[in-house]
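J.: The structure follows.
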Amino acid sequence: MSTQSVREMSKRVSERLADAGFVDAQTNPTWYLIVIPKVLLFGLIMIVPFLGAFYVSLHQWAPLAQTHPFVGLENYVQLLHDKVFWKSLQNTVFYAGMLLLFDVPIALGLALLLNMKLKGTRFYSAAIFLPVVTSWVVVSLIWTWIYSPTNGILNVSLASLGLPTYDWLGNRALAMPAVTAMSIWKHIGFNMVIFLAGLGSIPDHYYEAAIVDGANRWQRFRYITLPLLKPTAFFVIVVTMIFSFRVYTQVYVMTNGGPVHATYTLMYYFWEQGFGQFNYGYASAMAVVLLVIVFGLSILQQRTWGSDVEY
Amino acid sequence: MSTDLDLGGEDRIGTGRAAGTGQYVVKALAHGILIVASALAIIPFAYALLTSLKPEEKIFTTMAQIIPAEPTVMNYVNIWMQNPLDRWIFNSLLLAAGVVFFTLLLDSLAGFALAKGDFKGQRFVYLLVVGTLIVPPQAIVVPLYIEMSQFNLVNTYWAVMFLYIANPFGVFMMRQFFLSVPDSYLEAARMDGCSTLQIYTRIMLPMAKPALSSLAVFTFTFIWGAFLWPLIVLSDNAMYPLQVGLAGLTGQYSSQWGQLMAAAIIAAFPVITAYLLAQKTFMEGIALTGSKG
């Protein structure tokens, strides 16, 4: 497209918009031309389906049915009485809780160690970050093999030490913790890098001034590092929770939700209802529950983290 | 980000004593912990690689022997011959190329307009970006699937790509970058008679190279690992990206761990190679998600 025709096109677009009273005729029309493609995509791919989720959740909706009868809140009421749903929610909350309890503090600890800028830091951070870049499907496959009941390296190692072995993914009490442990392993490097960026953004002159004032290491950590890292820590905690509610792929690959719903998560049950049972209405009700939880968490984040973000 | 005035890291962490043996103890302890953490991160990959090199019939009989006595690539050959791995890899690369291209183009344009533009509705568009940032894509896949079937796009590459191209993260990131470019550059260019589009192509894009490469790497990794949406919207085995195809192998190869591990290594290879070559860019991409702005 030549510059000339682009200019003409943008002029026409802006005239139309001005005629319709949307925009001020004085504005340079090019600005509209360059944001419109993305705005259209937001509208069609994010906003319409977003509203669609609420709409579908109020209907009994089978993909091939001719009509989709309105059922009001029936899907939601059914959710309240659905034991598998509660089990899925419970598992998801367990998953999020374990990540907060182990992933976040260990990631912070590793970031503090890496921030000491020891020799070999590049190697250490590269190694710890390796599971982050590898896909969930790949690491799930590898860990299914590690957890394998008779021949996986975990049980082989335990047996060689004379310790008891378990069917990690086949045991109802152990399956969810096993999936969670693997996820912590995979995810720690992500939080670590965010903490590391947070530590790096603390200006050095704060420490210099503190040294001049005679503050010792502990005091510098306690009164400079810790308070200044608070926003980063809060960000990490909320984002970890938000992502936890999306846990899905590792369950699909490692356990298929089993044994007997022991590893069902919100997203796994959603997928099973939506695209296994083709029960769109019921699945959408679950999606709306997920949306409400994630929005709640995001508001929490905006309150503290976003308070000085300019809009 | 950090002004690299080297204080000698341990000054910043606040443990141990300033001088003498205490410092060595702290350092040794730190090295010890980091070595253990690195080993824990790497061992599963090494174990998968070693398993993939063992002859299938010997995997169970040679459990105690971690390192294969006679390494073989038969597992790679077999899994590749029996499955359309090349087609899946092609699909993944095509999807990634498409998404990366459109993401860089549309997001740099929109980010530029949001950072430097002056138009009615700018604030609204920005709120749209921040608002959609929160929407978990997983929550909208049912209506999106219905929408895609209305447009007759189910089982097409476009259907897969649309969701990822619409991702608002890149706009947010590019806007943050363009905000850091001083207005005087634009004013000078305007004086010289540059149009807005020329400012974008001649001044903004060249300056944005580091941000664009971060976004490209980040997007590529994301698409390469994408799973749920392609699984839903694609129905044809030959259309699957590698991750979806791979996940489908678990059932049929449930006891052929050598071949499964070979497939896992094949799937991990491109991203790990790219990561080792451009480690800094990868980490910056992640760090950007946490940078306040």
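From the backbone N, Cα and C atoms, a Cβ is placed for every residue, glycine too.
As annotated in TrEMBL:
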- B:28-50: transmembrane segment (TRANSMEM)
- B:88-112: transmembrane segment (TRANSMEM)
- B:89-278: domain 'ABC transmembrane type-1' (DOMAIN)
- B:124-146: transmembrane segment (TRANSMEM)
- B:158-181: transmembrane segment (TRANSMEM)
- B:211-232: transmembrane segment (TRANSMEM)
- B:257-278: transmembrane segment (TRANSMEM)
J.: Could you check if the transmembrane segment (B:211-232) is in contact with the transmembrane segment (B:88-112), meaning 3+ Cβ pairs under 8 Å among residue pairs at least 6 apart in sequence?
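T.: Checked: the transmembrane segment (B:211-232) vs the transmembrane segment (B:88-112), in contact.
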J.: Decide whether the stretches the transmembrane segment (B:28-50) and the transmembrane segment (B:158-181) have at least 3 CB pairs under 8 angstroms, with pairs required to be 6 or more apart in sequence.
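T.: No, these stretches are not in contact.
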J.: Who are the long-range neighbours of the transmembrane segment (B:88-112) in its own chain, taking Cβ under 8 Å and residues 6 or more past its ends?
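T.: Distant Cβ neighbours of the transmembrane segment (B:88-112) are 125, 129, 157, 160-161, 164-165, 167, 170-178, 200, 204-205, 208, 212, 215-216, 219-220, 223-224, 226, 230, 239-246, 266.
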